[in-house]
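Below: one structure, written as structure tokens.
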Amino acid sequence: MTTTETSLSADTKNGIDFKIADLSLADFGRKELRIAEHEMPGLMSLRREYAEVQPLKGARISGSLHMTVQTAVLIETLTALGAEVRWASCNIFSTQDHAAAAVVVGPHGTPEEPKGVPVFAWKGESLEEYWWCAEQMLTWPDSDKPANMILDDGGDATMLVLRGMQYEKAGVVPPAEEDDSAEWKVFLGLLRSRFETDKGKWTKIAESVKGVTEETTTGVLRLYQFAEAGDLAFPAINVNDSVTKSKFDNKYGTRHSLIDGINRGTDALIGGKKVLICGYGDVGKGCAEAMKGQGARVSVTEIDPINALQAMMEGFDVVTVEDAIGDADIVVTSTGNKDIIMLEHIKAMKDHSILGNIGHFDNEIDMAGLERSGATRTNIKPQVDLWTFGDTGRSIIVLSEGRLLNLGNATGHPSFVMSNSFANQTIAQIELWTKNDEYDNEVYRLPKHLDEKVARIHVEALGGRLTKLTKDQAEYLGVDVEGPYKPDHYRY
């Protein structure tokens with residue numbers, strides 16, 4: 001699809017509005033979804049536990065999260081627990097079109113008569129299309145019944161509502177600056193266009209929303225920034241820092257999907273190659289471990305001496321980008337920060353070396369600088385480009401245009417690890433929806449006993465057998481026999 005923001009319109013069938021690539025892919029998507037359900041014991045356990053209670057009845061959840069097969073299982077878990085849902089992807093390349101089709105058609109519908117959930121997502125959206133989809137996800141058919149919950153990944157949905165409300169109260173949407181990113185210009189353009197037609201839209205939504213649950217590190221950072229500025233208009237649960245999310249999805253999911261993305265994108269042998277991983281947080285740890293497991297010679301960049309020391313204890317060299325970029329065969333950014341690999345670094349890379357990002361946003365690699373550099377871009381296949389510099393003749397392989405390569409070049413994290421993350425998301429939605437009066441407009445984390453609940457489900461699914469504390473042992477440790485077993489400050 002190459003239409004512009006102004007020419008897009010939703011499709012409607014059987015009372016469901018949606019915009020996806022191909023509704024006929026639903027059968028394929030449903031088959032993969034059924035397989036994923038067997039690999040997602042956390043979500044299936046929550047369906048069994050809460051199906052009769054319907055704890056999310058009355059919730060109108062606007063979800064912005066990668067529209068994958070695994071997310072399809074999450075969406076249908078939310079609806080099984082009573083929620084109404086509208087969905088968009090949080091990345092222009094991450095949608096799996098057959099998964100989107102399966103969700104729209106639903107388990108009991110057909111492409112001719114869909115009975116599922118409105119989805120606005122397809123693989124390969126433009127920036128204008130992406131933000132149009134985000135607005136559709138937040139715009140419910142009955143304006144008197146707007147979204148009352150947000151499920152977010154990266155914070156774009158939350159930002160759209162909160163910035164929209166902020167600008168409505170100010171009476172003006174600020175103009176874009178010349179050096180603003182292309183995406184920010186599109187974002188402001190959308191808000192400006194909507195301000196002209198509906199000056200109170202975002203304020204109305206913000207006042208209706210009872211809470212947001214946030215999936216990832218960068219989105220959590222945005223939440224804390226909104227809270228510190230006094231601009232957070234509803235409670236938020238930081239799902240990312242649940243142990244069963246950050247220590248599993250971020251590390252073990254990345255360990256699986258990074259290799260998958262590089263293999264599908266390039267078919268390059270990793271063993272023996274020099275690899276530079278920028279950032280050694282939970283995601284960076286998964287990246288480094290994955291590359292080491294393939295036989296690569298791995299170096300790491302870090303700003304934090306504690307993380308740097310951890311890397312060295314694992315046998316990784318800690319270097320600067322400037323020191324290592326010229327020798328690296330593969331470079332992966334995983335910092336959650338901006339301006340990590342700049343144009344001068346890219347120009348210093350070896351001929352036909354591989355450059356990719358696995359942080360949530362596309363600002364870790366200076367793609368704008370690369371586009372302005374005069375380098376020639378040759379598309380090899382979807383989300384794989386060869387950039388050639390005329391002055392040196394050297395070429396660099398860039399994956400997914402600097403966006404998430406594990407979702408752009410592959411299919412993201414495997415179902416089992418996402419079952420941990422999405423079980424946390426579901427529990428967090430239930431928590432905010434059913435106990436809303438217990439939360440202020442601040443950022444919270446799920447209590448430890450719920451973290452342990454998610455872990456226990458998955459230990460049992462893998463055939464593990466947990467040791468049971470005696471009453472005397474529990475008293476000795478100062479904990480309950482049934483947990484929680486660790487204080488909040490325990491780092492795992």
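A Cβ is built for glycine as well, from the same backbone N, Cα and C atoms used for every other residue.
Listed in Swiss-Prot for this protein:
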BINDING   THR68, ASP153, GLU215, LYS245, ASP249  substrate binding site
BINDING   216-218, ASN250, 279-284, GLU302, ASN337, 358-360, ASN406  NAD(+) binding site
Run through the Cβ atoms and count how many others sit within 10 Å of the one on GLU215 (substrate binding site).
28
Among THR68, ASP153, GLU215, LYS245, ASP249, listed as contacts of substrate, what is the widest Cα spread in Å, to the nearest whole number?
17
So of all those binding-site residues, THR68, ASP153, ASP249, which one's Cα sits nearest to GLU302 (NAD(+) binding site)?
ASP249
State the three-class DSSP label for GLY281 (NAD(+) binding site), counting H, G and I as helix, E and B as strand, and everything else as coil.
coil
Using Cβ atoms only, which residues of the same chain lie under 8 Å from GLY281 (NAD(+) binding site) while being at least 6 residues apart in sequence?
THR217, ASN250, ASN307, SER334, THR335, GLY336
Rounded to the nearest Å - Cα separation of LYS245 (substrate binding site) and THR216 (NAD(+) binding site):
9
Proximal residue to THR218 (NAD(+) binding site) among binding-site residues THR68, ASP153, ASP249 (C-alpha distance):
ASP153
Residue with minimal Cβ packing [other Cβ atoms within 10 Å] among the binding-site residues ASP153, ASP249, GLU302:
GLU302
What's the most sparsely packed of the binding-site residues THR68, THR216, THR218, counting other C-beta atoms within 10 A?
THR218
To see if you understand the setup: which same-chain residues, six or more apart in sequence, place their Cβ under 8 Å from that of VAL283 (NAD(+) binding site)?
THR217, ASN250, LYS251, THR254, SER334, GLY336, ILE358, GLY359
For ASP249 (substrate binding site) and HIS360 (NAD(+) binding site), what Cα-Cα distance in Å is obtained after rounding to a whole number?
13
I'm trying to understand the geometry here, so how far is the Cα atom of ASP153 (substrate binding site) from the Cα atom of THR216 (NAD(+) binding site), in Å to the nearest whole number?
6
Inter-residue C-alpha distance, HIS360 (NAD(+) binding site) and GLU215 (substrate binding site) (nearest angstrom):
11
Secondary structure of GLU215 (substrate binding site) (DSSP, helix/strand/coil):
coil
Please work out the number of neighbouring Cβ atoms within 10 Å of the Cβ of LYS245 (substrate binding site), leaving out its own Cβ.
28
To the nearest whole angstrom, what is the C-alpha distance linking GLU215 (substrate binding site) and GLY279 (NAD(+) binding site)?
19
